[in-house]
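**Q** Can you keep this structure in mind? I'll have questions shortly.
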Amino acid sequence: MSATLLIEQLINGLQLGTMLFLMASGLTLVFGVMGLINLAHGSFYMVGAYVTALATASTGSFLIGLAAGTLAAAVAGGVVELLVIRRLYRRPHLDQVLATFALILIFSEGTRWLFGSSPLWLSPPEWLSGSVALPGGSRYPVYRLMIIAVGVLIAAGLYLLISHTRLGMRIRAGESDREMIGALGIDIQRLYTLVFALGAALAGLAGSLVGALQSVQVGMGEPVLILAFVVIVIGGIGSIKGALLGAVLVGVVDTLGRIFLPALFGHFMSPSEAAGVGTALAAMLIYILMAVILAFKPQGLFAAHD
Amino acid sequence: MTEHPHDTAAAPVGAPWLGRQGLVNIGLLALTLLAPLVAHLLGEAYYVNLATRIVLVAMAGVGLNLALGHGGMISFGHAAYFGVGGYVAGISAYHAFDGSLLMGLPGSDEMLAIWPVALLACGLLALAIGAVSLRTTGVYFIMITLAFAQMVYYFATSWPSYGGQDGLPIYLRNGLPLVDSQDPLTFFLVCFALLLLAMGLTSRLMGSRFGAALTMARLNETRLATAGISPYPIRLTAFVISAMITGLAGALYADLNGFVSPAMLSWHLSGELMVIVILGGVGRLFGPLAGAIVYVLMETLLGGLTEYWLFFLGLVLLGVVLFARQGVIGWLAGGEPHG
């Protein structure tokens, strides 16, 4: 268990955390502002990845692909908000869960219908495919570092957007008192569509970025969606700060657990048993973390409001 | 958890046999019982098994409905109990098959031994999960039940001893004394009897003081507290019973398919169970049965027409949620739920 491996895995954890933050910030924003629970958020992630893969393949430019993927997810989000989501704001959470579950079926099967079941492939562009030296002698892919950098930029951008712009002021006002901002003459419906599309764009960006690391396929958004839910539940639903902290926590704990738990059990079990128990426990680790946090703080670490 | 789609008034729990809704209910039962009998006479074992599937999915829904419909607890993790029930049947048969021991205990291929273990395992799991989850409310509750179910799911996929992602076959359907469980019709009748038992238990529970307290915990927690009753143990009890019913359905479902896999634990299945309950009519005794009939038939018919039947299911479901919130029973019988 060398220090190099630890550093490498820590960066991997940060990179997963960054992706999770992009997913979770959209989810938590939509919940915080509109009080809406959106299971179909993972579908925007999938849309982002598919469009990026297709656009990159046809234009040859990863950057154009990235922009197209993010934009497509934003448009998909806006359209879904107009057609479906806006009928759900005043409905109970149960209706929201079911309707957005239905949206997942529609998006996933629709995508399978259009593009088939076999995955698409997207490779990172030449200029991002190198690696840099880590202290200790091993090397780390530039592309993954770039994902972390993008995540940090987005986090900073979101912070500025929400705390320093007129739109952000309206979003914050929408979180604390919907009736009042309506009374102030602000078009709430448009604000909601905008926030929803923004959340979808963030999910789409996450999908676009990760598409170059793994295969682009139907259902790819679901595991990430569930992790993102864990993140926002840990962080406190509605809190961007909580989403950031929760994402890093979940990313790092999950990554380190998968590497080190089997090794840990290897000290007092046979190798095959240790691999079994270690792997099973590692897969459960973040859910255990969530249960422990909620046992002490039922509203999450940074409870905004329920 | 205080919210509920149909919280207009505390509708009294009346006899489910009366009025238009009673006719619909009796019709549903008759259809469920007669269709496989006819299929059996025609020698169509496939349709008998299809009816058994409907009955078991309905039973899982009856379990969920107790928590979701009657208790207002939006559990997004009932697949955990369905799957654990299934794995109890599978693992027990596995050890009985090769004669090995599990923690010093032999396996068994007798349903009468498997069912109590499945009930106990699901009850204990639900006790642990419910004890933590019920400390939270609203979206947190939904998400936490989902997360716990995922925990069980990932445990099953990454535990190699019982097949991991590939699942575990049950080579020979587990047995029952005096009857031939291999016979499709006999197995159907056993499942149907257990479904009736589960519905009878739900009806008795909801007609009792306990049911009144559970209903009040859903409708108005403060009023319940004023009566000196704490909602937490009431909800937890209902949650545990709910999980046990769903778990028993899972054990039988594994026997029906001769197979258990992590798919029985997946969050898709939790979603489907919710869909079935809502589709049929949430908080209605016969809702899960109606929902299961519609769902399984839709799956079979649409699935025969197109590979992408889930796309159309999604559209139907979206339509039901947006425009027809009383479900099939509400549409057929009208009136208030919780009867």
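Keep in mind that glycine also has a Cβ here, set from the backbone N, Cα and C atoms.
Automatic, uncurated: that is what TrEMBL annotation is.
From a predicted model like this one, the values you see are computed outputs, not experimental measurements.
Feature table excerpt (TrEMBL):
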| type | residues | note |
| --- | --- | --- |
| TRANSMEM | B:22-39 | transmembrane segment |
| TRANSMEM | B:45-67 | transmembrane segment |
| TRANSMEM | B:79-97 | transmembrane segment |
| TRANSMEM | B:112-132 | transmembrane segment |
| TRANSMEM | B:139-156 | transmembrane segment |
| TRANSMEM | B:185-206 | transmembrane segment |
| TRANSMEM | B:232-253 | transmembrane segment |
| TRANSMEM | B:273-297 | transmembrane segment |
| TRANSMEM | B:309-333 | transmembrane segment |
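Distances, neighbours, how buried they are, the whole picture for these features please.
**A** Distant neighbours of the transmembrane segment (B:45-67): 32, 35-36, 39, 73, 75, 78, 81-82, 184-185, 187-188, 191-192, 194-195, 198-199, 202, 205, 238-239, 241-250, 252-253, 256, 273-274, 276-277, 280, 282-284, 287-289, 291-293, 295-297, 300; these residues of the same chain sit at least 6 beyond its ends, with a Cβ under 8 Å from one of its Cβ atoms.
Panel annotation: around the transmembrane segment (B:79-97), residues 60, 63, 106-109, 111, 113-114, 117-118, 121-122, 125-126, 129, 148-149, 152-153, 156, 162, 167-172, 174, 243-244, 246-255, 259-260, 262, 264-270, 273 of the same chain, lying at least six beyond its termini, place a Cβ under 8 Å from a Cβ of the stretch.
Counting same-chain residues at least six beyond the ends of the transmembrane segment (B:185-206), those with a Cβ under 8 angstroms from any Cβ of the stretch are 13, 16, 32-33, 36-37, 40, 48-49, 51-52, 55-56, 58-59, 62-63, 65-66, 70, 173, 176, 179, 214-215, 238, 241, 245, 248-249, 252, 255-256, 285-286, 289, 338.
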**Q** Output the single range from B:112-132, B:139-156, B:273-297, B:309-333 maximising the number of Cβ pairs under 8 Å to the transmembrane segment (B:22-39).
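**A** Comparing B:112-132, B:139-156, B:273-297, B:309-333 against the transmembrane segment (B:22-39), the winner is B:273-297.
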**Q** For the transmembrane segment (B:112-132), which stretch among B:139-156, B:273-297, B:309-333 has the most Cβ pairs under 8 A?
**A** B:139-156
